[in-house]
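Asks: There's a structure below that I have some questions on.
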């Protein structure tokens, strides 16, 4: 059985927080606001994977009302999601993700983001694609108020 998942996340940019995207701390004057480390890319990827396996979303598994997830490393959360998929006998076929941001520039960091996602998902880097775009100065992203990310994944059930 082959299944597709789609994930989306958005976080506000604020002063006094690190800007962590795809598990990479990006030098920038602002960071993403959230209960965890607010890694918008890994949250979108996690939601896509959970959705593909019909396991709900990250809010269900890592609620922002639970202090255990305060400032949590989203790479740890992603690895937990992958363990849930493996428990249901799913392999990840591929992940394709898009970061939507006016700033900071993502291009210098994308290779490391891909590597982190591949490592955390236990798949080859060739199976992960991350790209970035802007919103052409429109909306909250265009005004530099936040960053969004979306992800799609393909998973496949394997025989045991």
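Glycine is treated like the rest: Cβ placed from N, Cα and C.
Straight from Swiss-Prot, here's the annotation block:
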BINDING   9, 11, 43  divalent metal cation binding site
BINDING   9-11, 35-36, 57-59, 62-66, 101-107, 133-136, 140, 143  4-CDP-2-C-methyl-D-erythritol 2-phosphate binding site
SITE      35  site 'Transition state stabilizer'
SITE      134  site 'Transition state stabilizer'
Asks: Over all shown protein chains, what is the count of other CB atoms within 10 A of the CB belonging to residue 133 (4-CDP-2-C-methyl-D-erythritol 2-phosphate binding site)?
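Replies: The answer is 12.
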Asks: What is the Cβ neighbour count of residue 140 (4-CDP-2-C-methyl-D-erythritol 2-phosphate binding site) at a 10 Å cut-off, with all protein chains included?
Replies: 14
Asks: Between residue 11 (divalent metal cation binding site) and residue 140 (4-CDP-2-C-methyl-D-erythritol 2-phosphate binding site), how far is it from one CA atom to the other, in Å?
Replies: 10
Asks: Counting every protein chain present, what is the number of Cβ atoms, excluding its own, within 10 Å of the Cβ of residue 66 (4-CDP-2-C-methyl-D-erythritol 2-phosphate binding site)?
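Replies: So the Cβ neighbour count for residue 66 (4-CDP-2-C-methyl-D-erythritol 2-phosphate binding site) comes to 11.
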Asks: Could you check which of the recorded positions 9, 35, 43, 134 is the closest Cα neighbour of residue 66 (4-CDP-2-C-methyl-D-erythritol 2-phosphate binding site)?
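Replies: With Cα distances computed to residue 66 (4-CDP-2-C-methyl-D-erythritol 2-phosphate binding site), the winner among 9, 35, 43, 134 is 35.
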Asks: Give me the Cα-Cα distance between residue 134 (site 'Transition state stabilizer') and residue 43 (divalent metal cation binding site), rounded to a whole Å.
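Replies: Just about 19 Å between their Cα atoms.
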Asks: Which residue, of the recorded positions 36, 134, has its CB surrounded by the fewest other CB atoms within 10 A?
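Replies: Lowest Cβ count within 10 Å among the recorded positions (36, 134) is 134.
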